[in-house]
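Chemist: My questions all concern the structure below.
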Amino acid sequence: MADTDPAAAAVPVRFKSNYAATRKIEPFYKGGRIQISRDGKFMFCPCGSKVNVVDVETGALLHSLQQVLVTGSRALLLRRWHWREPSCERTWRAVHTAPVATMAFDPTATLLATGGCDSTIKIWDMTKHYCTHNLKGSSGVVHLVEFHPDLSRLQLFSSCIDYKIRIWDLSSSKCLAVLEGHFSAVTSLAFADGNSLLSSGRDKICMVWDLETRQSKRTIPVYETVEAAVLLPEKGDFSQLGVKKQGLHFVTAGSKGMLRVWDVATAACVHSQAVPFVLQEEPSEHSLSQCQLVPARNEILTVSMEHNIVFYDAHSLQLRKQLTGYNEEVLDVKFLGPGDSHIVVATNSPQLKVFELATSHCQILYGHTETILALDVFRKGLMFVTCAKDRSMRVWRMGKAGRVTCVAQGLGHAHGVGAVACSRLKESFVVTSSQDCTIKIWNIPESLTSKAKAALISSPEPLHARVTERGHDKDINSVAVSPNDKLLATGSQDRLAKLWSCSDCSLLGVFSGHKRGIWCVQFSPVDQVLATSSADGTLKLWGLRDFSCLKTFEGHDASVLKIIFVSRGAQLLSSGSDGLLKLWTIKTNECVKTLDGHEDKIWGLHSNKKDDMVVTASSDSCITLWQDVTEIEEKEAQAKQEEQIMKEQELSNLLHEKRYLKALGLAISLDRPHTVLTVVKAILREPEGRRHLEENIARLRKDQKEAVLAFLVTWNTNSRNCHEAQAIMETLLKHEAPDSLLQFSGIKSASATSSG
């Protein structure tokens, strides 16, 4: 181990006593149709039984709504929500006999159409709050309704599971026409002008309809299941999207997971969006489920099957912003960037997510083909390493603009790679461990660490393991590198931790003592000590010289999944499968704080470089940022103590000046029964003490009188103080009406004590 820095040793260690959750990145979208406010500033995202309002710029969850919002539930109820606060303005029965499947407002937001699973469509007057139309004739679930943008026409368009489009005349409540042509579900309707309609379907075609003749003008094969088609505005420069001349053009989103631009006149695809993943013919996790034009932002919004919400520039389809609606199970998390400005997250997915903490913008990184299990970051914070079930490890680098790219890949393990650790001093090597029970050490070439050379890398460089060693008899759950890069430690399901030399991976010693599998190993940043955590619910500290157990920490009621050193190695922070965090002081073996911030296993735990913030990630899909509030709480306690001293000095002055009323009020506010008793005795010692006491007690507020009542219960049990207690009780009985006296809290116990 490296010797402790003398300068660092001179600075006294500030022990932590508490953390406070300052931010929680939690799921805000779990499927369903997302709506965008007309000003483009807010998204309304269904999430289970609630609707979340998300600020598009910051990605923050908000409560203020900027337009009328109506929701439909499986309880057959419609709710209209207040636009300034998360309160329900009105609730009414949907009249449908089955749940509402779709809804749409007319352009004025005064009429609302609801399509139900009972094959009917209802029209609601949102001003007068009644049902104006009940449209029958659809065959099966009505999953799509749209008003014609021309208000003078009073027409509604709908589609149901018979694949037909119906046109309804709202003035007569009759079906004017049925448009037939699709052979699968119709997924979207868009009006090009007053007389043209674009429809898309899961039958891999889009159709343009003439609303005068109510006939199909053109059928455009798009060769993928289409979930949405959006018409490009007539005005604007869309030359980057292959639009060379006037005419109808539209964008499709579907099973391939990419946006494509089509020319109606030629029925040809004029532009295909570049995507960072391999295209698949069949629906996959990359497939798009929604697509909308947001005119106010000049952007196109898409939603993927993985609940990723992406905003693209409408003129170039370049990515502008990306938000993640749902993370599933979060397996690991680390701070990233020179100033810990980002966090990198491994979820139950082959994709990696990098969140910018200031804006919630999320980069989704493609490369692994199976679930990513673990990750680690190099000391400078610009490079990090991931490992996955696909038996590979990958090295990633963050550029100046915050963009992350994969610069290297290593293959060689026979099973999924479950743990990874980076060198601490320099970006020189990586250690991985696998379910194949082996440890591999990979050298990082200089071409990856140099900024200039790394910028020229176009595809991931292949890495080859320098050393491979069979380390344990069962799965290796954790691996760690010492601060001086000379040692590495492993922890396994075989209940053993082992110490190895980094140079040749030779075994130096074995740590034996845990009763169940070891989940995590960590080197102390200052001492020659190794910390381990286990499924037996304990943490242990081991000496690196003789491999003996120095300390055991007991307190968790479940498996301890992760541990880190904080407070410059003087304290430990641990996370368990019960969703609890525990802060331990090593010197005293004491658990100084237990934090409850998650509802399931906490797999990810990491501290930032300043050691004043911690990030945790859990199976409950939430990521929580914790701030060290020890110093803040100490300052608050000191300020409170100073205020207490000032009040006591003021109380002494008031008693000296015989200002008994103010003294009595101040003593009560200090919540000190003995001080209040001292004031009462001082009053009674005066020549006309009884009268002064009556005057002062009578002028107290009700809450102050209740406090005195609680005090005199205790005084009355002591013969030396019972006279003062009886005097106050007599005063209250004399000056308070019986009804008001009965309203006092504690009057019954006070009366019982006095009568006794």
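Just so it is clear, glycine is given a Cβ too, placed from its N, Cα and C backbone atoms.
So TrEMBL lists the following for this protein:
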- 93-134: repeat 'WD' (REPEAT)
- 135-178: repeat 'WD' (REPEAT)
- 179-219: repeat 'WD' (REPEAT)
- 365-398: repeat 'WD' (REPEAT)
- 410-452: repeat 'WD' (REPEAT)
- 469-501: repeat 'WD' (REPEAT)
- 511-552: repeat 'WD' (REPEAT)
- 553-594: repeat 'WD' (REPEAT)
- 595-627: repeat 'WD' (REPEAT)
- 648-750: domain 'U3 small nucleolar RNA-associated protein 13 C-terminal' (DOMAIN)
Chemist: Determine the mean pLDDT over the repeat 'WD' (595-627), rounding to the nearest whole number.
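Modeler: In the predicted model, the repeat 'WD' (595-627) has a mean pLDDT of 92.
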Chemist: Cβ under 8 Å to the repeat 'WD' (135-178), counting only same-chain residues 6 or more beyond its ends: which ones?
Modeler: 101-108, 111, 113-117, 119-123, 184-189, 191, 194, 197, 199, 201, 203, 209, 211, 214
Chemist: Would you list the DSSP helix, strand and coil counts for the residues of the repeat 'WD' (135-178)?
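Modeler: Summed over the repeat 'WD' (135-178), the classes give 3 helix, 24 strand, 17 coil.
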Chemist: According to DSSP, how is the domain 'U3 small nucleolar RNA-associated protein 13 C-terminal' (648-750) divided among helix, strand and coil residues?
Modeler: 78 helix, 0 strand, 25 coil
